[in-house]
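*Asks:* A single structure is presented below for examination.
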Amino acid sequence: MISDINALKYKKVLLKVSGEALMGDKQFGHEYDVIKKIAGDIKEVINLGVEVAIVVGGGNIYRGINASLVGMDRASADYIGMLATMINALTLQNVMESLNIYTRVLSAIPMMSVCEPYIRRKAKRHMEKKRVVIFAGGTGNPFCTTDSAAVLRAIEMNCDILLKATQVDGVYDSDPKKNPDAKKYFTISYKDVITNSLQVMDTAAIAVARENKLPIRVFSIKEQGNFARVIQDKGEYTTIEE
């Protein structure tokens with residue numbers, strides 16, 4: 001374990017955790033053993049001296065875009081999806097605090113009874129005090145994904161890198177679950193991700209990351225300890241940069 005924070009390349013990071021990552025092998029909801037493992041991985045990174053922020057998705061509970069396809073108003077469906085991210089954020093906070101990780105949930109949609117509203121300066125101050133900040137509610141606007149929220153929050157918090165935790169160990173030229181010959185990229189440019197329509201993040205999120213020179217690293221959250229390894233340039237991952 002690195003004791004000198006100055007030895008680390010990335011000292012402030014944002015972790016994007018999908019809702020699907022929280023449900024493990026279930027079809028819906030939460031798998032608490034999986035969430036506890038993720039919380040343990042986060043604690044390992046905190047112990048390195050790294051400042052950590054998190055954006056959590058809501059796809060394990062509700063997907064606004066899917067609901068809109070069957071007739072629900074898209075904006076209303078997206079707001080319901082934002083509420084799903086709040087459920088996940090509070091669940092993750094509870095598990096993390098059981099491991100003695102100081103955590104604050106800040107929501108883009110004010111819910112004063114359960115968490116703080118998102119205020120950029122307050123969020124940065126929490127991170128300076130070594131608290132983990134979980135951003136809920138996406139961007140607070142419909143028609144925006146939680147990937148876009150992750151990129152925006154990473155930029156606002158002046159993070160060195162965005163880590164996207166997924167079910168696969170990087171970015172491939174096709175779905176490795178369907179194509180055994182899929183090629184994995186070690187590094188790939190923002191432009192190539194967009195041009196090749198690679199399904200790692202939505203185009204808007206990649207475009208904003210590119211404009212602000214925010215590197216993105218995609219890795220698998222399924223293997224314990226991967227988060228700490230990846231921010232130290234170890235393990236399996238793909239880096240998206242210029």
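First residue shown is number 1, and so on along the chain.
Even glycines carry a Cβ here, placed using N, Cα and C.
Remember, it's a predicted structure, so these values are computed and weren't measured experimentally.
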*Asks:* Record says Gly58, Thr139, Gly140, Asn141, Pro142, Phe143, Cys144, Thr145, Thr146 bind UMP. Source is Swiss-Prot. Which of Asp41, Asp78, Asp169 does it list for that same site?
*Replies:* Asp78
*Asks:* Max Cα-Cα distance in Å among Gly58, Asp78, Thr139, Gly140, Asn141, Pro142, Phe143, Cys144, Thr145, Thr146, the residues listed as binding UMP?
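*Replies:* Max Cα-Cα spread across the UMP binders: 15 Å.
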*Asks:* Can you grab the distance from Thr166 (ATP binding site) over to Gly58 (UMP binding site)? Cα atoms, rounded to a whole Å.
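*Replies:* The separation of the Cα atoms works out to 14 Å.
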